[in-house]
Amino acid sequence: ARSRTVGELLAPTSPFDKKCGRENWTVAFAPDGSYLAWSQGHRIVKLVPWAQCLNNFLLHGTKNGANAAGTRPPRHSGEGSQKNKPCEHVIDCGDIVWSLAFGSSVPEKQSRCVNIEWHRFKFGQDQLLLATGLNNGRIKIWDVYTGKLLLNLMDHTEVVRDLTFAPDGSLILVSVSRDKTLRVWDLKDDGNMMKVLRGHPNWVYGCAFSPDSSILCSVGASKAVFLWDMDKYSMLRKLEGHHNDVVACEFSPDGALLATASYDTRVYVWDPHTGVILREFGHLFPPPTPIFAGGANDRWVRSVCFSHDGLHVASLADDKMVRFWRIDEEYPVQVAPLNNGLCCTFSTDGSVLAAGQDGSVFFWATPSQVSSLQHLCRMAIRRVMPTSQVKNLPIPGKVVEFLCYQI
């Protein structure tokens, strides 16, 4: 089936953009669904209110210039009015933008720093931050509501390829870089770098937190898929099965599954607790043998993301296709065309997939399906129970297999 197009945000063209390239390597939704951000190419990040975006699509049809909502609105003088009415912002990050991540604060989540009296910033309930990873190794932290720069983090020595915030509201930020390291930052401690995680033999491409913030997955060149214990900052295990560089990863909403995308033309769905591959989604038939796994570069998978219903995965490959998969089916349930796509992510409610291409963003309606009561119960159980505990439950074997996503 063909996915229905919802809309598109087209970046303005200029000689400067064409000269320096307009690759859109990153697109992100705010955790509360209030904002959409994407890199328009080179050093510019666009922030738009997502509800306003959807309304424009409904009013004006699918095509929409990135500035169709009007010029940048005037800033409000009152702090409350800024937060009540989301504003559009254009942010110049000063260097090529490779990664974006939204982070929101929960006040009761204290900083891990002992002495917090001297801190420059007090992060409250209503704050929303945007982290941008740059070509020069810097990470800039912005206030989404005002567009102001808050922090400038400067420890990486190469491109910051991906960023992710812990989902628990602690404002713990993890960055991964071509300098082969992962770095853990505490933004409630004015961006203090807490830990450097080493182990990748080559470039690190991506990272993702588990929903409970206890596990971090990082992926990179040389077939690397690593899982880290974020309480002890130690490596849990290395997952082996890919035959080429691994470039993207994401956990399912219940934390029971992990999806990884690779240049070997495959997306694997793993049980992160056991390291077992539960499902393989192939983008080339027949799939290339390991010795030729790097040769099918017109089928390299660039991005993968999990829908919030826990049933669907989206992938984006160099064969100019976006695919929607069900975790229990072998073939895509929906497809859509996209040239030069580099990144994709689901909206916060899971109803729309956004994909970045040449400084622009394209949107499709995701497969709509009411989850069964069995699946909803499975997700509720798996949010609190790892695979080892599920296997020890005194229940029939078929039920255990279902809870472990083995059928």
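Heads up, the Cβ atoms here are built off N, Cα and C, so glycines get one too.
Feature list (source: TrEMBL):
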REGION    65-84  region 'Disordered'
REPEAT    123-152  repeat 'WD'
REPEAT    153-195  repeat 'WD'
REPEAT    197-238  repeat 'WD'
REPEAT    239-280  repeat 'WD'
REPEAT    301-335  repeat 'WD'
DOMAIN    363-407  domain 'SOCS box'
DSSP tally for the repeat 'WD' (239-280), helix/strand/coil in that order, comes to 0 helix, 22 strand, 20 coil
In the same chain, residues at least 6 away from the ends of the repeat 'WD' (301-335) whose Cβ sits under 8 Å of its Cβ atoms read 1-3, 247-254, 257, 259-263, 265-267, 269, 279, 281, 283, 341-346, 348-350, 353, 355, 364, 366-367, 369, 371, 375, 379, 405, 407
The DSSP breakdown of the repeat 'WD' (123-152) into helix, strand and coil residues is 0 helix, 16 strand, 14 coil
The predicted model's mean pLDDT over the repeat 'WD' (301-335) is 94
Secondary structure of the domain 'SOCS box' (363-407) by DSSP, residue by residue, totals 22 helix, 3 strand, 20 coil
Its residues classified by DSSP, the repeat 'WD' (301-335) shows 0 helix, 20 strand, 15 coil
